[in-house]
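Peer 1: Quick one: structure below, then a few questions.
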Amino acid sequence: MNPFSSESAWLCLTATAVLGGMLLCKAWSSGQLRSQVVCLAGLWGGACLLSLSLLCSLFLLSVSCFFLLYVSSSDQDLLPVDQKAVLVTGADSGFGHALAKHLDKLGFTVFAGVLDKEGPGAEELRKNCSERLSVLQMDVTKPEQIKDVHSEVAEKIQDKGLWAVVNNAGVLHFPIDGELIPMTVYRKCMAVNFFGAVEVTKVFLPLLRKSKGRLVNVSSMGAMIPFQMVAAYASTKAAISMFSAVIRQELAKWGVKVVTIHPGGFQTNIVGSQDSWDKMEKEILDHFSKEIQENYGQEYVHTQKLALPVMREMSNPDITPVLRDIQHAICAKNPSSFYCSGRMTYLWICFAAYSPISLLDYILKNYFTPKLMPRALRTAS
């Protein structure tokens with residue numbers, strides 16, 4: 001019997017096509033296309049596995065499209081800026097710098113926390129932004145500076161409350177095997193990327209609770225995917241992602257929404273310059289033991305610097321997707337719990353989560369392994 005001979009089947013097919021088309025168009029315009037497609041593909045695959053009839057499958061998909069369209073529509077409802085105040089950490093450069101300028105143009109009162117108040121990034125913010133933006137000295141590894149910023153912010157906003165905190169400050173390290181990364185680097189990454197964000201969160205939560213606002217933590221796709229050579233960085237980003245997931249539930253009763261941003265590869269200053277990599281290389285070599293020297297060799301470390309131009313070339317120079325997602329997290333009436341910013345980021349994270357570990361390791365090993373092997377392995381071969 002032809003499955004399309006009944007009027008019910010044609011009705012379900014038409015409803016699925018119309019609702020699905022509307023959903024995909026809306027998802028495309030909002031930048032959330034990947035998640036919607038994966039969701040619908042999963043539903044279709046599940047229907048096939050359950051051996052449902054075509055009519056039942058189409059009915060399931062049409063209902064799902066309607067539900068996702070409803071959720072997608074509600075997610076697009078934006079709250080008025082209305083002089084809301086936002087604190088952004090790590091605003092010297094990169095995402096934080098661009099975000100501070102972007103929010104200022106939208107009409108927010110912006111508190112831009114910078115590592116160096118007299119640096120070029122801070123000076124550019126003062127020069128190019130409105131009087132609504134304040135540049136504040138804020139090294140997130142120094143509790144006294146965090147408290148000073150809190151006092152200044154509380155004094156300026158008075159009874160308005162602080163609408164959002166964006167924990168963006170972060171550091172990367174020289175890309176090398178986890179065994180070779182000095183403990184000082186592990187501690188620095190943890191101090192900035194995790195403990196700094198946690199302390200900022202704890203200090204400013206009373207202000208967020210007052211406004212029932214937003215806490216936005218910038219993590220990384222590296223928190224979800226075990227890329228080689230970034231053991232210290234990825235571990236800290238995984239920590240902030242889990243911290244965000246836990247306090248998202250804890251703060252819900254206070255009306256505070258917690259959002260995690262997982263950017264893919266973008267060109268920012270976090271990658272560092274040739275000079276900074278030279279210093280990091282020297283630090284690694286200074287910590288070499290005799291056994292490490294025999295097994296790896298200095299040339300193995302030196303060749304990792306060749307990855308710098310490759311990393312930049314593979315990264316997206318347009319950080320608009322990240323700014324768009326953070327803006328949505330701050331402004332949307334019903335923001336998502338997490339955003340995956342960038343090309344293929346969501347699909348990569350889904351693949352890492354659901355593929356067999358052996359397959360994931362094989363792909364990562366073959367596509368992200370240094371060309372030069374350690375000295376001992378080269379000698380053995």
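Glycine residues also receive a Cβ, built from the backbone N, Cα and C atoms like all the rest.
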Peer 1: I'm validating the feature mapping. Which of 4-24, 172-192, 214-234, 340-360 is tagged transmembrane segment in Swiss-Prot?
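Peer 2: Transmembrane segment, as annotated by Swiss-Prot, spans 4-24.
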Peer 1: Taking the Cβ of G107 (NAD(+) binding site) as the reference point, list residues of the same chain whose Cβ is under 8 angstroms away and which are at least six residues distant in sequence.
Peer 2: V81, Q83, R132
Peer 1: Just jot down the residues in the same chain as F95 (NAD(+) binding site), at least 6 apart in sequence, with C-beta under 8 A of its C-beta; none if empty.
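Peer 2: Once residues fewer than 6 apart are set aside, F95 (NAD(+) binding site) is near N168, V218, P263, F266, T268, I319, V322, L323, I326.
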Peer 1: What are the sequence-distant neighbours of L99 (NAD(+) binding site), meaning same chain, six or more residues apart, C-beta distance under 8 angstroms?
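Peer 2: Residues satisfying the criterion: V88, A91, V166, N168, V322, L323, I326.
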Peer 1: Using C-alpha positions only, work out which of the recorded positions L87, F111, Y233 is nearest to S220 (substrate binding site).
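Peer 2: Of the recorded positions L87, F111, Y233, Y233 has its Cα closest to that of S220 (substrate binding site).
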Peer 1: What does the structure give for the C-alpha distance between Y233 (active site, proton acceptor) and L103 (NAD(+) binding site)? Integer Å is fine.
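Peer 2: Here the two Cα atoms are 27 Å apart.
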Peer 1: DSSP secondary structure for L99 (NAD(+) binding site), reduced to helix/strand/coil, please.
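Peer 2: Once the DSSP labels are grouped into three classes, L99 (NAD(+) binding site) ends up as helix.
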